[in-house]
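Colleague: Encoded as structure tokens, here's the structure I'll be asking about.
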Amino acid sequence: MDVLVTECSARLLQQEEEIKSLTAEIDRLKNCGCLGASANLEQLQEENLKLKYRLNILQKSLQAERNKPTKNMINVISRLQEVFGHAIKAAYPDLENPPLLVTPSQQAKFGDYQCNSAMGISQMLKTKEQKVNPREIAENITKHLPDNECIEKVEIAGPGFINIHLRKDFVSEQLTSLLVNGVQLPALGENKKVIVDFSSPNIAKEMHVGHLRSTIIGESISRLFEFAGYDVLRLNHIGDWGTQFGMLIAHLQDKFPDYLTVSPPIGDLQVFYKESKKRFDTEEEFKKRAYQCVVLLQGKNPDITKAWKLICDVSRQELNKIYDALDVSLIERGESFYQDMMNDIVKEFEDRGFVQVDDGRKIVFVPGCSIPLTILKSDGGYTYDTSDLAAIKQRLFEEKADMIIYVVDNGQSVHFQTIFAAAQMIGWYDPKVTRVFHAGFGVVLGEDKKKFKTRSGETVRLMDLLGEGLKRSMDKLKEKERDKVLTAEELNAAQTSIAYGCVKYADLSHNRLNDYIFSFDKMLDDKGNTAAYLLYAFTRIRSIARLANIDEEMLQKAARETKILLDHEKEWKLGRCILRFPEILQKILDDLFLHTLCDYIYELATTFTEFYDSCYCVEKDRQTGKILKVNMWRMLLCEAVAAVMAKGFDILGIKPVQRM
């Protein structure tokens, strides 16, 4: 239905433009006063009448489509923009691209939403030498508002703000739809492909805390786009190529000479890496052999390739333990995947005349970028620049991506801006058509506000960090004596949910561009905007129906038969807050700042607490505790909050539990 509404809206606009053009032509012919043009005039008038008739039919069909029930949640801001866009066009038909500003109101006294277009329109009219007061413009806009299902009333405030009050029936119906059909968005990304490049550790090195942010942010972005209906390809651009493999293979040959026939028990790959690095730095003969191994690997020597694969497999097993723990799914496509494309990349840039030679290197200067790309080293080797150019081309032409998102730290910002600019320069993509974006992020700091390290100054291993999280979350649960009321299975589920949920939420709840301080004490605090608080809040909400002996089937029956009342101010506030979910997600789809979702879930939880403290869902006898009355419409509000929170958690990669 959403696609049909969009198509109808586009056709409406087109026909309105045609009518405007024909009306102008009719007026011109009338004003000419030349009777010889009467045949033309009659023909134009007839065409105009036909168009107006068709326009009327289209408008009716569009309204009929809008009135049909939809299974998707409505983005209230988008719907209000449609309504006010229509009003502005009707009030000021000659203005091209007038500003359309609809935002949630900051205070209840200003209504539920505000349209702040009048001031911008006043400025546009001033450039046409028409001085009109913004308040007059606001009044003119409100006079042209079409009939719609969502607005109860509008008020003009201040210099020209239009305060919008939603209809209670509209909000109630949307909440009922959410409960009956589940939390669903319109298929915004239908037939669109998104590639998310994230995590990307190096083979033979353990993942450390520096990889944590890319992995968590990238997974969450992927989940969001999947929920919005996009075809998402999650890529792990691992470092599985380069000179370091020469020393690893040479060390493997020495330590496990029968590696071709007997699987080598490498064990701790980190130790293995350090041993080979030490030899590479101190033994000249070993260093020469390491370089020979690199050449043989590039030449696809079968024995050397097998050694390389063995090392990659051992490393991959360790990486997968972390991905499994964090519930992250990725397709591995490392630097090795692009090796056979490198020569063609260099040739394409040469053929187009973009290559300069500098001290034996082949470099490419990109307009607007201060540092050139090095696409071929003086020794004939390729660079990260070459492999990243090969990757972006493959993703654009073979994968046919509509959007590519690179989740890599802020330190790589200049590099990626240069890669993107080079890809545009050579004509691989048009930024107006294809979105290529670097979702950068800051570093993880310790509580001393320096880079997060162990006490001995080593980089913190990610597996150790997650293990510490599990230990601390269990300590917290036992401190609250949850081990005495939960089964062993429930206790373990709660431990994992809190440990990994808190680590993810602490990251995602900060603006990704900023550095953030890693503190287990803060992230496990069950007060404030933390996963611990929200997970506890979620289990409390889920328990309300259970403690009132209301099961899932009864709730579903009530959702279809019981009208959700929003008469109490806290019911009304909560209902509106629930409906903001689609507009929050749309904002994140645009800017990729996931802390907005965390802030929203926290706001939803605190708004629910206000509601629950003021509005009885279950009324009990004060002496006996016996249930006297269940206010089912309020139980449904609880259920709607839980449904939206559950979907929010899912997008953030957090697994809530029913009991905690």
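Glycine too: its Cβ is placed from the backbone N, Cα and C atoms.
Residues annotated as L-arginine binding site in Swiss-Prot, with similarity to another entry given as evidence: Ser200, Pro201, Asn202, His211, Tyr384, Asp388, Gln412. Feature annotation from Swiss-Prot assigns N-acetylmethionine to Met1; the stated evidence is similarity to another entry. The region 'Could be involved in the assembly of the multisynthetase complex' annotation in Swiss-Prot covers 1-72. Per Swiss-Prot, the feature region 'Interaction with tRNA' maps to 529-543. As annotated by Swiss-Prot, motif ''HIGH' region' applies to 201-212.
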Colleague: Given a Cβ distance threshold of under 8 angstroms, which distant residues of the chain, six or more beyond its ends, lie next to the motif ''HIGH' region' (201-212)?
Modeller: 238-240, 244-245, 248, 269-270, 272-273, 311-312, 315-316, 318-319, 322, 334, 409, 443-444, 452, 459-463, 465, 503, 507, 518
Colleague: In the region 'Interaction with tRNA' (529-543), how many residues does DSSP assign to helix, to strand and to coil?
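Modeller: Secondary-structure breakdown of the region 'Interaction with tRNA' (529-543): 13 helix, 0 strand, 2 coil.
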Colleague: Near the Cβ of Tyr384 (L-arginine binding site), how many other Cβ atoms are there if near means within 10 Å?
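Modeller: Excluding its own Cβ, Tyr384 (L-arginine binding site) sees 15 Cβ atoms within 10 Å.
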Colleague: DSSP on Ser200 (L-arginine binding site), three-state: which is it?
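Modeller: Looking at the DSSP assignment, Ser200 (L-arginine binding site) belongs to neither helix nor strand, so coil.
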Colleague: Which of Asn202, His211, Asp388 (the binding-site residues) has the most other Cβ atoms within 10 Å?
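Modeller: Max Cβ neighbours within 10 Å, all protein chains included: Asp388.
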Colleague: Largest pairwise Cα distance, Å, within the listed L-arginine binders Ser200, Pro201, Asn202, His211, Tyr384, Asp388, Gln412?
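Modeller: The two farthest binding residues have Cα atoms 19 Å apart.
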Colleague: Determine the minimum-neighbour residue: among Ser200, Gln412, listed as binding-site residues, which Cβ has the fewest other Cβ atoms within 10 angstroms?
Modeller: Gln412
Colleague: Would you count the other C-beta atoms found within 10 angstroms of the C-beta of Pro201 (L-arginine binding site) for me?
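Modeller: There are 24 of them.
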Colleague: Looking at the region 'Could be involved in the assembly of the multisynthetase complex' (1-72) alone, can you tell me the average pLDDT?
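Modeller: Per the prediction, mean pLDDT sits at 62 for the region 'Could be involved in the assembly of the multisynthetase complex' (1-72).
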